[in-house]
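What follows is one structure encoded as structure tokens, with my remarks underneath.
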Amino acid sequence: MTEPSREGRPVLLGQNQYGKAETRVVRITRDGATHHIKDLNVSVALSGDMEEVHLSGSNANVLPTDTTKNTVYAFAKEHGIESAERFGIHLARHFVTSQEPIERARIRIEEYAWERIEVPDTGSRAPGADEPRHSFVRKGQETRVTQITYDGGAWEVVSGLKDLVVMNSTDSEFWGYVKDRYTTLPEAHDRILATRVSGRWRFNWTGDERSMPDWDTSYEQVRKHMLQAFADTYSLSLQQTLYQMGARIIDHRDEIDEVRFSLPNKHHFLVDLKPFGLENDNEVYFAADRPYGLIEATVLRDGREPRIPVDLTNL
Ligand SMILES: O=c1[nH]c(=O)c2[nH]c(=O)[nH]c2[nH]1
């Protein structure tokens, strides 16, 4: 359709597309105590007979972007997510075949890969109980960091990591908190607990070459204890999980006197699928990126002084 512009010259609407970008969907599938995760970022772009909405403002051909988002969540429940490709094919076919004016659908999907955190039985598991398999670490390397300070006398070595993303798909609750007139958060008795770990730990090494820790072994062991504590802790809050992660390091690693964590609570909200006639039995989640709770604390060996700065970004 050609419309005169303000200057009287003809103006054409060129290529156009629309849809909801970056719908973050996490789908948990349960196979007894073994959980499987699919974590996608889905962007829908639809095009077709969309001149009127641009030119006259009639929305008669417009399937709302909000609906395309809902479709992603509903399909995650109804059809599951076997692979990003299959999921995308399903969505694209649905939009083009169910809506006359939509002639083309482009579905872009990013998939975030997760690996299981293996938890050896240290004797605390109930007899006969299986290894819990609901703890995951995001694939890809975290960043390892260290800071060394020397004033000619005293040494201080603080090492750590950032961007280690972990998730428990069950064994997390949050309830019994203060409720004032502004509190709307529903109590949770089975929620996802996920965080992007930023941690620092201070060594008690005083500069003697003969007692220098094996820094690489220490790092690997700290990382292992941290992950296992995250996986093993039946969590009533991220604060409690943080403390367990720090305590496990202090307990197992004599070379470390102090640990500090900064843990963003990566909220996963259950999607309400009732409007589409579907039950959501803790299967389909919206992974929100902000705002996020930010839980920070130091865990110390008894009798030692805290020296790691409160704000880890200042380290
Ligand atoms: O583990 C949590 N700790 C909190 O302090 C908190 N606050 C909140 O809203 N959700 C959570 N979760």
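Glycine is treated like the rest: Cβ placed from N, Cα and C.
For reference, TrEMBL has these:
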ACT_SITE  LYS20  active site, charge relay system
ACT_SITE  THR65  active site, charge relay system
BINDING   THR65, ASP66, PHE174, ARG191, GLN239, ASN265  5-hydroxyisourate binding site
BINDING   THR65, ASN265  O2 binding site
BINDING   THR65, ASP66, PHE174, ARG191, GLN239, ASN265  urate binding site
ACT_SITE  HIS267  active site, charge relay system
Those residues of the chain, 6+ apart, with a Cβ under 8 Å from that of HIS267 (active site, charge relay system): ALA287, ALA288, TYR292, GLY293
Count of other CB atoms lying within 10 Å of the CB belonging to PHE174 (5-hydroxyisourate binding site): 20
Close-lying recorded positions around ligand 1 among LYS20, ASP66, PHE174, ARG191, where CB distance stays under 6 Å: PHE174
Site of maximum Cβ density within 10 Å, from recorded positions LYS20, ARG191: ARG191
For ASP66 (5-hydroxyisourate binding site): intrachain residues, at least 6 apart, with Cβ closer than 8 Å: LYS20
Listed recorded positions (THR65, GLN239, ASN265), ranked by Cβ neighbours within 10 Å, top entry: ASN265
Alpha-carbon spacing, ARG191 (5-hydroxyisourate binding site) to THR65 (active site, charge relay system), which is rounded to whole Å: 28
Cα-Cα distance linking THR65 (active site, charge relay system) and PHE174 (5-hydroxyisourate binding site), given in Å to the nearest integer: 33
DSSP state at ASN265 (5-hydroxyisourate binding site), helix/strand/coil: strand
